[in-house]
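Chemist: Structure below; questions to follow.
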Amino acid sequence: MNEIATPSPAALDVPRAPALRRYGVPVLVFAAFALAPIAAAQGAEGYILSLLTRVMIFAIAAMSLDLILGYGALVSFGHAAFLGIGAYAVGILASHGIESALVQLLAALGASALFALVTGAISMRTKGVYFIMITLAFGQMLYFLATSLSAYGGDDGLTLPSRSLLFGANLLKGDHAFYYAVLGCLLGCYLLCRSVVASRFGRVLRGAKENAVRMQAIGFAPYRFQLGAYVLAGTLCGLAGFLLANQTEFVSPAYMTWQRSGELIVVVVLGGLASLHGAIIGAAAFLLLEEVLSGYTEHWKMIFGPLLVLVVLYARGGILGMMGGRHG
Amino acid sequence: MADAILRLEGLRKAYGALKVTDDVTLDVRPGELHAIIGPNGAGKTTLIHQVSGLAASDSGRILFDSADVTRLTMAQRVHRGLARSFQITSILPGFSALENVALAVQARSGSSFRLFGDASRERGLNEEAMSYLAQVGLGHRAIIPSGQLSHGEKRGLELAIALATRPMLLLLDEPLAGTGHEESERVVETLRGLKGRYTIVLIEHDMNAVFSLADRVSVLVYGRVIATGRPDEVRANPEVRAAYLGEEAA
Ligand SMILES: Nc1ncnc2c1ncn2[C@@H]1O[C@H](COP(=O)(O)OP(=O)(O)OP(=O)(O)O)[C@@H](O)[C@H]1O
Ligand SMILES: [Mg+2]
């Protein structure tokens, strides 16, 4: 019918950016986190370790949000709810004497997944602004539920007796041990998300973001894939909540305010949407800027706000975009 | 029923007071290329939306391959072998031409909940996708981001994507829309190659293309089918001449 020769199978391989461009930034980021404790040993070690641990925990939360926001265009304004669920799973179980990390973690992940499944199935029936509003509403519901849990501290939250126990021992007690445990979780999340995004599942999710009608016209029901991604994202954010409770040894409704949900969006946009490691860079930039700026003034957001506006206006790809280190 | 692969029975749809599809009853026979022509705004695209499942019908039935598909979603109809293309190009502009088609192959393979393995490197999907691209003459453009293809190439890509769903019936909404002379020649050649291998419902304004390709022609005016028949019959039909072809000839 036409004279186009069928190309050899080798020609089917899509050309990629050089390995350095593709993997350079993530490898650097993880190497920096792996080596940071050594540098921190020079001074103010406890402070630096705790700040970086916080960065990594927020990076997990933001990365999970990037999965649905960056790759699915689902603007969830209630993502902090999962931080709260993960944290309260630890707090509530610990207050009943169940301190096993394994049990707490399973509860945190299971509860997060279930909440994501139920609220996602409902929220996903709406689009655009309505989706934003309904996820916000579910987040707020959970926030007020937490403040009313007087048995678990209500507004004031509750203090944990200790960090979760691994094999019955307090292995996560040391700051270094906990730091590397969190780093391991961050790396695990990153590799999982990377894989998901490139997988058959992730390709449908990305396709539905570009053109949902086209996806339906080739036989996909985008809803199922978006809901699946929502559940995965919620579950990973539940892990971040589990870690957050353990770091602070404290659980409170403040973990799931709508402002926190907004901050997670800011972190993802700041770092660079739909890149995954951009969420790590965004979390680092956000928390370090907060740390530095709030040293000058308690109204640090007055400085941060305009900075964010500049990033959104002039660096569409976020910090990663400015560094030229993005890849598809 | 046995002699129709697609049967529309009393199909209706209104937007407000505007009856866009007005009691359409139509048979499409297996293997035929059935053209639907009609003036701008006659309701051709709306009819395709209804048959493909993108738009719900107010009343009437759509029977496809001996089954009532009126209430099925677009995705479900695709799995039964009902594929369509769009008048206004609908592709995934950020994906390569190859991945646009490979996704349609993937949709058929039935296992898209896999979270591991790089889908863009799956040889099975890519090789089959490549064969459809080659059929529309886009083999050499496979790895170009589809948003960067020329308009005519995008029209070809639409066709390749539809073919990749392995349809029994192709609903093509103005595949020549907006193509230049040379490009439209190429698409007509492609359609000629598809004819006979697929049952095709073709909406087209290009009368040369319609009358050279179609086995039967239906004429839609104000949402009503005013005539159906062989091209020469339809061309000779006085009502059609008055309503439609007359102005073409002028
Ligand atoms: N979603 C909609 N809401 C309201 N009116 C609509 C809608 N879609 C189509 N119409 C109207 O229905 C009529 C038929 O439109 P349709 O697109 O089906 O015509 P068409 O035959 O495909 O025309 P063309 O040859 O220009 O592609 C037009 O008057 C159009 O304005
Ligand atoms: Mg039309």
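A Cβ is built for glycine as well, from the same backbone N, Cα and C atoms used for every other residue.
Predicted automatically and left uncurated, TrEMBL annotations should be read as such.
According to TrEMBL, the transmembrane segment annotation covers A:23-41, A:76-95, A:101-122, A:129-152, A:177-202, A:264-289, A:301-323.
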Chemist: Which listed stretch (A:101-122, A:129-152, A:177-202, A:301-323) has the most C-beta pairs under 8 A with the transmembrane segment (A:76-95)?
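Modeler: Checked against A:101-122, A:129-152, A:177-202, A:301-323; highest Cβ contact count belongs to A:129-152.
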Chemist: With a Cβ cut-off under 8 Å, give me the same-chain residues at least six positions beyond the ends of the transmembrane segment (A:177-202) that come close to it.
Modeler: 26, 30, 33-34, 37, 49, 52-53, 56-57, 59-60, 63-64, 66-67, 71, 163, 171, 225, 228-229, 232, 236, 239, 243, 246-247, 276-277, 280
Chemist: Quick test of the contact rule: Cβ under 8 Å, at least six residues beyond the ends. What residues does that give for the transmembrane segment (A:301-323)?
Modeler: 25, 266, 269-273, 275, 277-278, 281-282, 285, 289-290, 293
Chemist: Residue list, the transmembrane segment (A:23-41) vs rest of chain: Cβ under 8 Å, 6 or more residues beyond ends.
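Modeler: For the transmembrane segment (A:23-41), the list is 48-49, 52, 56, 176, 179-180, 183, 186-187, 190, 276-277, 280-281, 320, 323, 325.
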